[in-house]
Amino acid sequence: MRRWNGWGEEHTEMALAADGARFLQGVLGDGQVLPLASLDSVIKQVPPSRLPAHPLTSCDPELRIRHARGQSLPDWLAMRSGQFERFPDAVALPESAEQIRELLAFAKAQDALVIPYGGGTSVAGHINPPESSKPVLTLSLARMNRLLELDTTSHLATFGAGANGPQVESQLRAKGYRLGHFPQSFELATVGGWIASRSSGQQSLGYGRIEQLFAGGLLETFDGTLEIKGFPASAAGPDLRELVLGSEGRFGVLSEVKMRVSREPACERFYAVFLPDWNHALPAVRELVHAKVPLSMLRLSNTAETTTQLKLAGHPGQIAWLERYLRLRGISSDKCMLLLGISAHPKQLRASLSQAKAILKPHGAVWTGTLLGKIWERGRFRFPYLRETLWQAGYLVDTLETVIDWSGVERLLGALEHSLQAGLKDENEPVHVFTHLSHLYGSGSSIYTSYLFRPGADYKTALARWQKLKKAACEAIVREGGSISHHHGVGRDHAPYLAAEKGERGMAVLQTLAQHFDPQGRLNPGALLLDQGQMQ
Ligand SMILES: Cc1cc2nc3c(=O)[nH]c(=O)nc-3n(C[C@H](O)[C@H](O)[C@H](O)COP(=O)(O)OP(=O)(O)OC[C@H]3O[C@@H](n4cnc5c(N)ncnc54)[C@H](O)[C@@H]3O)c2cc1C
């Protein structure tokens, strides 16, 4: 059973090693555990639905609770305190495009708002019912999760847009294929949600971001179905796929999506490499991407993240042994860990490996084989469960991400980390901050920063601390010329910062598109674009 107030399956946990707990206590002080509201107490708060009964909708209070919030930190604070503020009035779980169209017609007739819902893993307030006098219908794609067609000649797979990561990959694997989109939220996030919020998977270096994987599909709108035909490439004017990518449920509901798939790789390995410090590590990874070495993943942790990861990993004996070995090889406390993935035929794997080794050697790299890579691979979708463990230990964790050209990476990273480290100085409260680069391009890189802090005495303090940190970090991103999101999307939390990136004319184009698809502003208002009330 999925947790109603947090991440993932109820009985899955990720332990925090004693060494890790001591480390956190050292950097942040004693944890502060906040009390949890019970599901029963929240069920009692759910108001009567403002929507009439419909055969395709349910007003069950628990279902409404389970679709009321995503996975951002303020969502967690709302769910755990029981202060949800708002719930959808009804939830629908359509099984076909026809039913989606019927539900859109119902919403129109009832003057209701509609929130398309994939896996509900948004970390930017995408799927939270907005404050409105109108009733809210949340439309979950969870039942539209099948592989509908696999064209093995063209390597194209058509899915129901509600298929989540395991459903996508297990149906493809049975036929020897792979999509290769592995966001950390893989367990719950859906292919429709990936497209609608421009997601990026951990192996985007090899498989591409979602925009490279999305070939076409069907968008159900108030005006009928928009069919986006997929071609390998086309010069026939602007590409309509771009209307859907990042549309965040504002223009319509994706019912079917056609994805570019590959054969399962014959061989896949993840290697851990250590570099002496950030000044050696950054040019090293830049050189790797500029040389276009066929790799499927690069993930470079800065010194603070490397230290934190090794402390939280458990196995202190093995880590001490690793650190002794690295010291002997000239790598000490400033070290940066690089995880490098290759997914290929064994011959290609050997060639990529030797090319990567030749490039990294002059930068002082020490290779430690595949053991740490295997540990990472086994736990890659379990890390989100650590958030639960940290909560229980009395610490909050959140992440921020952005992207910028290589010439700005160091500057933006420094400003972002500083904004967070200094963010609670007025309360004399420490914030533990660390960063990695995990989506690298010829022209630049994403920057992914995690920050841990204590909630304070109550939920109000916790939320105020988060708001302060988030604002400082978003302002630093905008000031330094980064994008407000590399892969989490805009949602409601980042919407105030979008205009800085798109400019006045760009925003006008997006508003016009929203107006075209949804003249009455029913589809997910407040996400992506600030709506009239919020702009005043
Ligand atoms: C622990 C954790 C780790 C994460 N790691 C990553 C990561 O590595 N990479 C990454 O890219 N993101 C990551 N995310 C963010 C999140 O998983 C992504 O934004 C994901 O793409 C959301 O997919 P979803 O199916 O859960 O969509 P939802 O959260 O349900 O919805 C997101 C947006 O898409 C719209 N939408 C959803 N389905 C449809 C549809 N069928 N038609 C039209 N609109 C639709 C919604 O209206 C909403 O605006 C992470 C989140 C968490 C909690």
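Each residue, glycine too, has its Cβ placed from N, Cα and C.
TrEMBL entries are annotated by machine, without manual review.
The active site, proton donor/acceptor annotation in TrEMBL covers Y448. Residues or ranges marked as FAD binding site in TrEMBL: P116, Y117, G118, G119, G120, T121, S122. Taken from TrEMBL, the feature substrate binding site applies to R387. What TrEMBL lists as domain 'FAD-binding PCMH-type' is 84-264. As annotated by TrEMBL, site 'Important for enzyme activity' applies to R299.
Neighbour list (G118 (FAD binding site), Cβ cut-off 8 Å, at least 6 residues apart, same chain): S140, L141, A161, G162, N164, A189, T190, V191, G192, G193, W194, A196. Mean pLDDT, taken over the domain 'FAD-binding PCMH-type' (84-264), works out to 98 on the 0 to 100 scale.
Within 10 Å of the C-beta atom of T121 (FAD binding site) sit 28 other C-beta atoms, taking all shown protein chains into account. One way to see the shell of the FAD site is to take the Cβ centroid of P116, Y117, G118, G119, G120, T121, S122; the remaining same-chain residues with a Cβ within 8 Å of it are G70, H126, I127, S140, A189, T190, G193. Cβ neighbours of P116 (FAD binding site) (same chain, under 8 Å, six or more residues apart in sequence): L139, L141, G192, A196, G249, V253, L254, L523, N524. Among the recorded positions P116, Y117, G120, T121, R387, Y448, the ones whose Cβ sits under 6 Å from an atom of ligand 1 are, in sequence order, P116, Y117, G120, T121. Same-chain residues at least 6 positions away in sequence with a Cβ under 8 Å from that of the residue listed as 'substrate binding site' are, in sequence order, G6, W7, W76, V397. Note: G119 (FAD binding site) has non-local neighbours N164, S185, L188, A189, T190, G193, i.e. same-chain residues 6+ apart with C-beta under 8 A of its own C-beta. Here the Cβ of G120 (FAD binding site) has 24 other Cβ atoms within 10 Å, regardless of which shown protein chain they belong to. Set side by side, the recorded positions Y117, Y448 differ in how many other CB atoms lie within 10 angstroms of their CB, and the most is found at Y117.
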